[in-house]
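A quick write-up on the structure given underneath.
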Amino acid sequence: MVPWEGYVSDETMGTFAPIVLYWVYAGGYQLILHRRPLERYRLHTRAEEEEKNLVSLPAVIRGVLLQQLVQAIVAMILFMVTSDSSTVLVQRPIIVQAFQFLVAMLVMDSWQYFVHRYMHQNKFLYRHIHSQHHRLIVPYAIGALYNHPLEGLLLDTVGGAISFLVSGMTPRTSVFFFCFAVLKTVDDHCGLWLPYNIFQSLFQNNTAYHDVHHQLQGSKFNYSQPFFSIWDRILGTYMPYNLVRRKEGGFEARPLRD
């Protein structure tokens, strides 16, 4: 039994709940990001954000909305093609759903690592497509899905579809998986190192880890996203870092390689 049962379908929730959650969670971060008490948790100063970022907030919002439009269309098509209206889907036991969750996480990580890495290695793809995301040298939550539309389709939307299909999860399970993936992706770009943040505590691939990738010296490292750092460690693209306090307040994710 889920709260939306009898009101909207699992397929509708799987399509739109992650989008709504993105704006609620990222919007919350955006509201607190510039509050003075939060300055001591920032990974970059406000001055750095204003000086280094090459795109305005309104442009970022438009870019994210475009990606989410494409995402919603693909999700509706995917659910329409894979659903069978003549069959009543029975939810698997929790232990099976947990396994499907883990499989989907590993599949999504694998897809995103290799596509992401190739977009950095191929000069044409980087210059014309992936560099759009790196206009945010100082990441913030709302910009988590700020990508070139083609990258958004290939990296995030297709990656999500493959994760759903390979794991064998039901549309209902996918609601929780895609919402979890959205929360994790937003948190990885939030620009704050917060105490008691469950994502930053449980995952080595977290806000500071991904912040290193957005820095010039880390741009060819720490490709893994959004969950684990497995492929970076296996394939030699892991860049360790120290999280140090800045004199003026806040933290800095300082790479340990030149």
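Yeah, the Cβs are placed from backbone N, Cα and C, and that goes for glycine too.
These figures come from a predicted structure and were not determined experimentally.
According to TrEMBL, the transmembrane segment annotation covers 12-33 (among others).
TrEMBL lists 54-82 (among others) with the feature transmembrane segment. Nonlocal intrachain contacts for the transmembrane segment (54-82), taken as residues 6+ away from its ends with a CB within less than 8 angstroms of a stretch CB, comprise 11, 14-16, 19, 22, 132, 135-137, 142-147, 149, 152-153, 156-158, 160-161, 164-165, 171.
Non-local neighbours of the transmembrane segment (94-115) in the same chain are 154-156, 158-160, 162-164, 166-169, 173, 176-177, 180-181, 223-228, 230-232; each lies 6+ residues outside the stretch with a CB under 8 Å from one of its CB atoms. The feature transmembrane segment is assigned by TrEMBL to 94-115 (among others).
TrEMBL lists 101-237 with the feature domain 'Fatty acid hydroxylase'.
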Exercise for the section: Using DSSP, tally how many residues of the domain 'Fatty acid hydroxylase' (101-237) sit in helix, strand and coil. Expected result: 97 helix, 1 strand, 39 coil
Completion exercise
The predicted model's mean pLDDT over the domain 'Fatty acid hydroxylase' (101-237) is 96
